[in-house]
Amino acid sequence: MAPTLEADLTEPPSEALNANLKAAPPKLVAPEPEHCPGPESDQAGKGDACDGCPNQAICATAPKGPDPDIPIITERLSGVKHKVLVLSGKGGVGKSTFSALFAQAFSTLLRKKKIRRGDGDVEDNAEEEEEEDDTPPTVGIMDTDLCGPSIPRMLLGDNLQDIHTTSSGWEPVWASDTLAVMSIQFMLEDPDAAVIWRGPKKNGLIKRFLKDVEWGKLDLLVVDTPPGTSDEHLSIQSFLKEAGVDGAVLVTTPQEVALLDVRRELDFCRKAGIRVIGIVENMSGFVCPNVKCGRESQIFRPTTGGARKLCKDEGVLFLGSVPLDPRIGMACDFGESFLEAFPESVAAKRITEVVGLVGESIGLEVVT
Amino acid sequence: MGLENVKHIILVLSGKGGVGKSSITTQLALTLSLQGRSVGVLDVDLTGPNIPRFFGIEAKKVTQAAGGLVPVVVHEGRDKTIGIANGSTKKRRDNLTFGSLSCMSLGFILSSRSSAVIWRGPKKTAMVRQFLTSTLWPANLDYLLIDTPPGTSDEHISLLETLLKEAMPGQLAGAVVVTTPQAISTSDVKKELNFCVKTNVKVLGIVENMSGFVCPHCRECTNVFSKGGGEVMAREFGKPFLGSVPIDPAFVMLIEEGKLPTYPEGTMVEGVDVGGAGLADVSEAQDPDNYVPDDGLLVEKYTSCSLYPIFDGIVKRLVLDVEGEAS
């Protein structure tokens, strides 16, 4: 699939980085006031906070109603069977690592199950589906952490590639035959450049990742997110509302400081109407690699019962715990697949179990 | 009001989440306090405010006063030693002097500890500005440490915009940048260093956190997240490298349960044996499942932590850099 460079339908990625949001929200003449109802909202220009705001007239006359781009996103993602978000309130708990391993596990280690579809779930072309049975699922991974994108390094190591523009959109970078990757890191000329963006600009790029990327036919799209509950999360949720999200996997570490943020994330999922598939506890326990010792200790001690207890209290599925293995970090630094390199390790086995549970939960049946 | 009471402002930044910004902020604050400085901590991580938990003051609330918000006091300053008690630890502690420590966080204002703050940019901007300009810090506060969320986005832009407008020249001393050793982390943190370059914030130094974990059973140190990445990055960018901080489960226990840190004998930190009776009473080395919480102040207990000597060194360098320049 050679990219044609005379593409006229879409801007090259570099321009998108510098451009503001296309249509909505309206161009404002002053910063939004503190209690701004949001320039895109139905209340724009009519709220109490709008009185005296220099933007009032602009907001009041801007086109209202649902974002016209959402049907385009829905159309673009029509070939994507399942969509899973990876969330965590806290940073550095292993969202990106888990997203990467998850995508790798699906796209390389696993095989689609023989399709035995029963009631009502009619496939367009049953025969073609049968033939695909023994192939690994095709997986896409979208990195929405714009200020700290880690996915490209984890999957591709140092050999970053540029995104090609074709007449039908941006072509994702393929980490393997069955694993498509999209991240802002591919668009930066200087890999260390800081992306100093406020919310609306971040939302604009996330929208383009969904609207303009040629995802094609995917069995699964994994969306990796930044920590917190802010612009990126709200945008993903609203952009994907119509296309439908299967659910979210929450990642945490065992100590209370991390669980505290996960509770906030659960609250966010509830408020935003996102189904929680379950919680994975990462970095849970560490086995001393010293041959004379080999005893287990807790680096991040689960003083309040860890994720297992949290799941029980909140009525959420506990997907499993993955021990801390220094080799995972090393593999990620060099873009190697930990699961392929150390399939016998405890961590790899646990991760595969978690992947199986998630697959089962969203109805993407696979065999290991 | 607000910032006029403050002498020096230090930002704690990191491009990556979970590298220990809040943990480093906490320890910098405790150590500055132990070096006799009065310290304020401002937590601008609005969607994950953890500073209250680190200082063990989650239940506290901020009070509104004429002209602004009153921060929560972690401990008052103590400038002379108090009476002599029996136990050796107790005695050593009573001889400690330290500056006051207070803190401000969105966590104090939230009604429930598990409710999510789902805010877009403009609202975060307004909150950051309000925190910066209307917190009534105690008069003559020596240091204000600002703990930030990961990334280079709304909170950071607002923070620097407000500081540019409100802070006096020289008041913003600079930023301490935190990383962990692995390449995944340093590649994000390099972005933060470039952010500092773009916004003209002086980088006071780089701290490498989570470099190595000392097994509590055999005292063997494992580089869980590899080692040396922070130092290499500091050299690459020509910034001072302040030091490597290992993972210390005893520090986590101190924060989570208020347990006095104790170590197996022969645990060496900065050439000092902190194990056994080195710093703490042997009698206090109890069964972890069956211990009585120590009722001392966090700052007192922190002096028994193996990380304290490391931070003592880091803070001495910082103070020399910041105050040496001001005079």
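Glycine too: its Cβ is placed from the backbone N, Cα and C atoms.
Feature annotations, courtesy of TrEMBL:
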- B:G15, B:K16, B:G17, B:G18, B:V19, B:G20, B:K21, B:S22: ATP binding site (BINDING)
- B:C215, B:C218: [4Fe-4S] cluster binding site (BINDING)
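Feature map: annotations from TrEMBL on the structure.
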residue : record                        : DSSP (3 states)
B:G15   : ATP binding site              : coil
B:G20   : ATP binding site              : coil
B:C215  : [4Fe-4S] cluster binding site : coil
Task: Provide, as an integer number of angstrom, the distance between the C-alpha atoms of B:K16 (ATP binding site) and B:C215 ([4Fe-4S] cluster binding site).
output: 26
Query: Judged by the number of other CB atoms within 10 angstroms, which among B:V19, B:C215, B:C218 is the least packed of the binding-site residues?
result: B:C218
- line: Within the same chain, the residues at least 6 apart in sequence whose Cβ is under 8 angstroms from that of B:K21 (ATP binding site) are B:V12, B:L13, B:S14, B:D147, B:T148, B:P150, B:V178
Statement: Least surrounded, by Cβ count within 10 Å, of the binding-site residues B:G15, B:G17, B:G18, B:G20 is B:G20
Statement: Whole-number Å distance separating the Cα atoms of B:G18 (ATP binding site) and B:C215 ([4Fe-4S] cluster binding site) is 21
Field: All-chain count of other Cβ atoms within 10 Å of B:K16 (ATP binding site)
entry: 28
- prompt: In sequence order, what residues of the same chain, 6+ apart, have a Cβ less than 8 Å from the Cβ of B:S22 (ATP binding site)?
  reply: B:D43, B:D45, B:N50, B:I51, B:F54, B:D147
